[in-house]
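Pulled from Swiss-Prot, these are the listed features:
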ACT_SITE  LYS75  active site, charge relay system
ACT_SITE  SER150  active site, charge relay system
ACT_SITE  SER174  active site, acyl-ester intermediate
Amino acid sequence: MASIRELHQQLVKKERSAVEITQEALERIEALEPKLHSFLCVTAERALEQAGAVDAKIAAGEEIGLLAGIPVGIKDNLCTKGIPTTCASRILENFVPPYESTATQKLADAGAVMVGKTNLDEFAMGSSTENSAYQVTANPWNLSRVPGGSSGGSAAAVSSQECVVALGSDTGGSIRQPASFCGVVGMKPTYGLVSRYGLVAYASSLDQIGPFANTVEDAAILLNAIAGHDPKDSTSLKVAIPNYAASFKPDFKPRGQLRIGIVKETFGEGLDSVVEQAVTKAVDVLQSLGAEIHIISCPRFRYGLPTYYIIAPSEASANLARYDGVKYGYRAPDADNLLSMYTRTRATGFGTEVKRRIMIGTYALSAGYYDAYYLKAQKVRTLIKEDFEKAFRVVDVLVCPTSPTTAFKAGEKTTDPLSMYLTDLMTIPVNLAGLPSLSLPCGFDDQGLPIGLQLIGNVLREDQLFQVAYAYEQATTWHLRKPQIS
């Protein structure tokens with residue numbers, strides 16, 4: 001499937017209609033879903049209606065935006081009015097939101113075509129999309145491998161070209177890690193850049209919505225559409241949003257002397273040698289484009305994982321207290337009193353990993369342990385943020401691997417939670433600091449599985465991240481390789 005800009009030109013020149021483009025996406029979804037399981041819900045009827053509205057505008061001589069008529073996948077933890085939003089959980093099995101999330105509303109206003117809701121780890125808690133209550137998504141590059149998580153459905157859908165772009169959410173790496181595993185571009189914006197209104201909460205101080213795309217430019221276009229202040233979200237930032245793709249040119253090179261820092265702590269034990277080699281070669285490419293390379297130390301980077309697994313479950317234990325079978329979603333049958341209904345609903349409605357994190361969070365917040373765990377974790381979070389602040393006084397952009405490994409086999413880590421958690425080792429500190437970060441393809445291992453390069457920027461420097469990523473993308477061909485799904 002072509003890029004956003006290419007499809008836009010085809011629509012404007014009336015070489016193709018939005019309905020034709022949408023029909024092509026729906027046919028591809030129908031053909032691939034028995035193997036991939038990227039989508040929990042395909043919204044064919046709504047998609048064709050939205051596409052028809054775009055065609056009517058074109059026929060009337062009206063101007064259309066870049067996203068008009070473009071097939072988009074939506075992670076199923078973003079509320080969509082009249083369309084089921086399950087968070088891949090039994091407890092929200094029949095939940096149909098009465099309102100639209102700000103991010104999806106902005107896409108609808110831009111004329112984008114929603115082709116369906118994508119699979120995820122239940123309540124976005126996981127790193128492989130194996131925690132979904134409904135189905136396990138496969139990696140398009142190797143169907144026996146996981147696509148990453150928690151936004152594995154969105155990553156797989158974009159990688160396999162079931163849709164042009166997709167939305168995901170990132171709490172500790174849930175956009176960037178699956179982007180790395182599936183060989184696509186994934187961006188976690190600065191905390192507060194994109195409204196969280198209508199995003200089902202996991203850990204409110206960490207959650208952020210962002211784009212998946214096959215190219216850096218497409219990711220930039222999608223982020224432009226969803227970014228901006230929203231009075232419905234008290235954490236939404238009041239800042240001007242630049243046109244991220246405005247300075248992209250075929251021979252683009254970063255302006256001025258770009259200083260890039262290699263995060264020293266991300267190399268060493270636990271990092272696959274093939275990943276290390278690919279990232280090192282990517283740094284060489286950036287240096288050849290004129291970047292000045294520095295070795296940077298972020299000494300508390302390694303404390304990100306334990307810090308996250310106190311803070312995120314603590315917030316989750318509070319956020320998920322609302323699911324009790326009273327107002328919406330699943331309600332356990334045969335309960336003989338209110339307390340029994342609560343306990344049975346939560347015991348049978350939540351999956352194993354969600355219950356594990358609720359218990360961890362409840363323990364960390366309990367009397368006698370709050371200071372030792374939650375309060376201490378918040379102090380370490382501040383120290384991690386300070387390390388990044390010091391680094392950005394020396395360099396403009398930080399680089400490191402997105403994940404220590406390439407995609408692992410389905411079932412390989414399901415009985416070992418700690419091993420699963422370690423796949424987000426390099427993405428989590430960025431969420432704790434609220435920084436923007438982007439993953440893009442930088443190579444493949446000897447089994448043909450993609451490797452991701454992570455670029456980390458200072459607060460609200462998405463523009464700089466996109467420019468560096470675009471320069472690297474134009475100097476390489478990794479993004480041109482596509483999975484052959486047999």
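Note that Cβ sites are derived from N, Cα and C of the backbone, with glycine treated the same way.
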Around SER174 (active site, acyl-ester intermediate), how many other C-beta atoms are within 10 angstroms of its C-beta?
37
Have a look around SER150 (active site, charge relay system) and count the other CB atoms within 10 A of its CB, chains all included.
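For SER150 (active site, charge relay system), the 10 Å Cβ neighbour count is 35.
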The residue listed as 'active site, acyl-ester intermediate' to SER150 (active site, charge relay system): how many Å between their Cα atoms?
5
Please report the distance from the Cα of SER150 (active site, charge relay system) to the Cα of LYS75 (active site, charge relay system), rounded to the nearest angstrom.
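Pair distance, Cα basis, whole Å: 10 Å.
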Do any residues at least six apart in sequence from LYS75 (active site, charge relay system), in the same chain, have a Cβ closer than 8 Å to its Cβ, and if so which, in order?
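Non-local contacts for LYS75 (active site, charge relay system): LYS117, THR118, LEU120, SER151, GLY153, SER154, ALA166, LEU167, GLY168, SER169.
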